[in-house]
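Pulled from TrEMBL, these are the features on record:
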DOMAIN    8-132  domain 'Bulb-type lectin'
DOMAIN    331-622  domain 'Protein kinase'
TRANSMEM  379-410  transmembrane segment
BINDING   K471  ATP binding site
Amino acid sequence: MAQNSNGNGTIKIGATLTAGDKVFSWLSPSGEFAFGFHQLRDNKDLFLLAIWFNKLPEKTLVWYADTPNSPIPKGSKLELTADRGLLLTDPRNQELWKSGTIVSQADMAIFNDTGNFVLFDRKSEKIWESFNHPTDTLLPTQVLEKGVVVSSRVSSTNFSRGRFQLSLKTDGKFGLYIMNLPSEHLNSNYYTKETTNTESASIANYYYRATLDFDGVFTKYSYPKNPTKDSNWSVVWSIPDNICLQRFAYGNSGVCGYNRYRGCKPSFLQSCVEDSKSSAESRYTIEEMKDVDWPSGDYEILQPYDKENCKEACLSDCTCAIAIYRKNACWKKRLPLNNGKFDTTAEAIAFIKVRKSDFPLENPSSSSSSSSKTKSQNVLIIAGSILLGTSLFVNFLLVEGVSLGFFFIYKKRVTRSQHDKEVSRLNLRCFTYKDLTDATDDFKEEVGRGSFGIVYKGTLKDTNEQVAVKKLDRAFQDSEKEFKAEIIHCDIKPQNILLDESYNARIVDFGLAKLLLMNQSHTNTNIRGTKGYVAPEWYSNMPITFKVDVYSFGVLLLEIICCRRNVDIEIGDEEEAILVYWAYDYYKEGRMDVLVGNDMEIIQDMNSLKLVMMMFQIIFQP
């Protein structure tokens, strides 16, 4: 039930509302908006202090108090006070929220039909208004001032402050940003637009609102004031037009509406452990999903290809988890999958490899352990009978036998537990931040430090496995910067390049790495790297670019082509001991035979020789 104090939206000093009472809100003069305690749908004892469209069935919220422990419990009290403005307290009279510091004493409040709740002093001057403290929604006539922020909520049912923000920039443009939580550090904007005032819409027949939804899309909605039973909020416009085109990278969270499409249903379990009993084709089947894609991250593209060949290509490839078929091309992808999106315009079909029910990842010892358990029980029954009718000597043997039996049972359980752990390692796991916090006891035990952060020791709660968790710090918590920036590795060498089972290269050890931001083409830093792989510009006080990694990679190629280490200390002559100097001298003399180790197969093969020559030209290019 709601009340309208004087019929004109005026609320007097001393007026109160209590969460859970029959009178729980104040109305605007027309009754179109209500201000008070909004009961949550999934919990009747929890409330939000909010403003909402009162005449709509959905009671859509347009503002809510940013309380530290939102939502608030039943019995909480809101009071309009002279010295503190709006004051919200819990049932124990502990302060939960107030309307901010006011410069003069409040005399009254007016809740008008625009949805704005305003406090006035005795001079009838505004000292606080809800329009100046928006949450996720703007209403007609509401002005967004510079420095004022509109924040999304976490989800449609979680009203805590989310990751996305909208605000006006100093140049008059408005931008959409992603905020790192809980640090509240803003990344660069993922969308920006000039502010215009060309739109004119009548509010006589429709309600309007512009909401920064929890998926990062700023959308204007309309709702008819004379609704039918099928009426709902309709989208007038939204920005960005397609959030999937705004490539803000967030690990595995996706780019399409903050993980609007999260899964790979139907559920599947991926494993690349071969066995002698069956091939990949016999252990897996392919499930199709339309209009689903995971852009980028393909490790192989096959074209031209038809649908059946695309299916078979993924089915027969142990590395392939999903294949995307679109326009006679087949994109093969491995786990983990990034940037998932649902897009009806993509005309894509996802072929998902699903493990057959006949080939589950079971413990192979489960059946044997069951039979062993039955046998153990039979042995104990027989032993019990013998115990009643035999001598002390037999009893002694029985105790020894039972002890031995328990030993083998314990050993088998330990073996089975270890096997289960091995099976769990076959599949990639995703961990929430809470999982990592629990595992490390809130990042308690430090075991090491690196350029990107601190490494903590932890134990997974479900498997009791010990893990090392690196927590990024300082600028490296800025996920957009981390993923959009070019990384100068600074230490490319054979020891830092690993090969997986498919001989795909994996660069490791980023301890010396340097981030190069999107607006940077070079940086300055102290000399980094390993002797023999360090580019000349490090020693020339020149700006450092990604080309220092290209040089290091060139040295690595030289080692492969020339079958020599980059620095051979066993050679007395320094010029010959350093591979780059030695190779460059012979390259200038045209002695390719020496450089390839007199490999006659390469020397006699002109195509291979030209390829090697071109490689040397690239490596030694200044």
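Heads up, the Cβ atoms here are built off N, Cα and C, so glycines get one too.
According to its DSSP assignment, K471 (ATP binding site) is in a strand. With DSSP states grouped into helix (H, G, I), strand (E, B) and coil, the domain 'Bulb-type lectin' (8-132) comes out at 3 helix, 59 strand, 63 coil. Within the model, the domain 'Protein kinase' (331-622) carries an average pLDDT of 66.
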